[in-house]
Amino acid sequence: MLPQKQAEEAIVSNLTEMELETREEEKDEEEQQSLFSVKNLLWHGGSAWDAWFSCASNQVAQVLLTLPYSFSQLGMLSGILLQVFYGLMGSWTAYIISVLYIEYRSRKEKENVSFKNHVIQWFEVLDGLLGPYWKAAGLAFNCTFLLFGSVIQLIACASNIYYINDKLDKRTWTYIFGACCATTVFIPSFHNYRIWSFLGLGMTTYTAWYLAIAAFVHGQVDGVTHSGPKKLVLYFTGATNILYTFGGHAVTVEIMHAMWKPQKFKYIYLMATLYVFTLTLPSASAVYWAFGDELLNHSNAFSLLPKNGFRDAAVILMLIHQFITFGFACTPLYFVWEKVIGMHDTKSICLRALARLPVVIPIWFLAIIFPFFGPINSAVGALLVSFTVYIIPALAHMLTYRKASARQRCIHCVRLDVHELADLTLFLPLRSSTPTHAKPHSLIFKFSRFLLKQNAAEKPPFFMPSWTAMYAFNAFIVVWVLVVGFGFGGWASMTNFIRQIDTFGLFAKCYQCKPPPPTGAAAAAANHH
């Protein structure tokens, strides 16, 4: 009798889940019916399209302006090949992050854990699947990466606006834009980035095609040379910047959690990456073709293009987009801080905004200390992105599904015959549309199909022949990124970063700015010569 009682309890538990799933589907239908209200249209997103816009918009922002600089370090061929390579690798790790999120969430929901007022984050997924040590590693790398990702957006804002108005130095512009970006504390979650993601992607698209067309219209400068790659240190610095470019999925879990149906996320990041290729490859190639080795001393592509209305429009649009990307990078940090101080469940937007403000202060300060637009991308890519979005997800997937029982779960404890199951159909929550004359056998079939759905592990995608192949590919990612990204990339990017500190110093007032025109006696001496 004991096994049968356990089986009945297991089935009743699963029936509760089935009822909840039904209610969620009905809720989704209601949300779809009200989709065209103004509030939902502009403010409350959660569809697959919203996720696509968020991924594509967040994936490439200010880094679009540094890719020509990376091409000058890598050479044209390596630049193109590495973009494709790291773009596809990043799409794969985003996919396995989505698989792990679904695995974690399904386990917790079976324990009747509610996420109504709670946003699931990557470190919680690691904690639930692999334990507290993985949680600590995920939290440390993810938060540090997002912190410096936000810093990079502030630095980029100051670097870009300087090319419109150079009356103020870049450090002063950093103060100003730090205050502007602090207003992102009022955006509650990724649900509320619907209109911003759409606009942000449009702004990035304009800027990318402006760079490509402007470079072709300008033509090649006199005596242009394309000598890259010259040195190993420059080659691996450029490679890690591209690693950083396609490592923007540190917010994948938060974007998924904001979806009405997170299961649809699987290939969204890949689709976003394919679109991003249409922006990064033409723009970086065209600017490098036009200016060649001059880019080695100009990490921001705007600095070499002629000043006109089209360039000023691109600068302004990138500034707005960097504000949006700052919010994308900072919002997960806001969530972590809210959980630490016990404010995450607070419904008041103003109270949450006030609680979030301390997160912005260290970002502001670090942007003033390290204003090295371009080199800081490579350093962050090598030291943080390599672990956060490549090594840790690949290892976590390997360990989560290392056992056959994890890959092929089934309800082995439920071994009831047809008659016993027929008795239990009395507990089935039937919809109003279900015919009253429905046969128990058909209900049993539907219920067993539901059980299989709820307890099946995510299978390898269609292009992976087996779990062994999946395991081998994850192992390849770990080794490649550890050796090439973190090892060689870390050495090269830190060498370059230290060189910037030696040249410009910490707290540099105006990084890579043109020297002021000589005045007085110095001007007279210059004119005499």
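Quick reminder: no glycine exception, Cβ is built from N, Cα and C everywhere.
In TrEMBL, annotation is done automatically, which means it is predicted and not curated.
Listed in TrEMBL for this protein:
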type	residues	note
DOMAIN	44-409	domain 'Amino acid transporter transmembrane'
TRANSMEM	80-102	transmembrane segment
TRANSMEM	139-161	transmembrane segment
TRANSMEM	173-191	transmembrane segment
TRANSMEM	198-221	transmembrane segment
TRANSMEM	233-255	transmembrane segment
TRANSMEM	267-291	transmembrane segment
TRANSMEM	313-337	transmembrane segment
TRANSMEM	349-373	transmembrane segment
TRANSMEM	379-399	transmembrane segment
TRANSMEM	469-491	transmembrane segment
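Of the candidate ranges 233-255, 267-291, 349-373, 469-491, 349-373 contributes the most Cβ pairs within a distance under 8 Å of the transmembrane segment (173-191). The stretches the transmembrane segment (469-491) and the transmembrane segment (139-161) do not meet in space: the count of Cβ pairs below 8 angstroms, excluding pairs fewer than 6 apart in sequence, stays at fewer than three. Residues 53, 56-58, 60-61, 64-65, 68, 279-280, 282-283, 285-287, 289-292, 294, 301, 305-306, 310-311, 313-314, 317-318, 320-321, 324-325 of the same chain sit 6 or more residues outside the transmembrane segment (198-221) yet have a Cβ under 8 Å from a Cβ within it.
Remark: the transmembrane segment (233-255) contacts the transmembrane segment (313-337), by the rule of 3 or more CB pairs under 8 A.
Stretch with the largest number of CB pairs closer than 8 A to the transmembrane segment (313-337), among 80-102, 139-161, 267-291, 349-373: 139-161.
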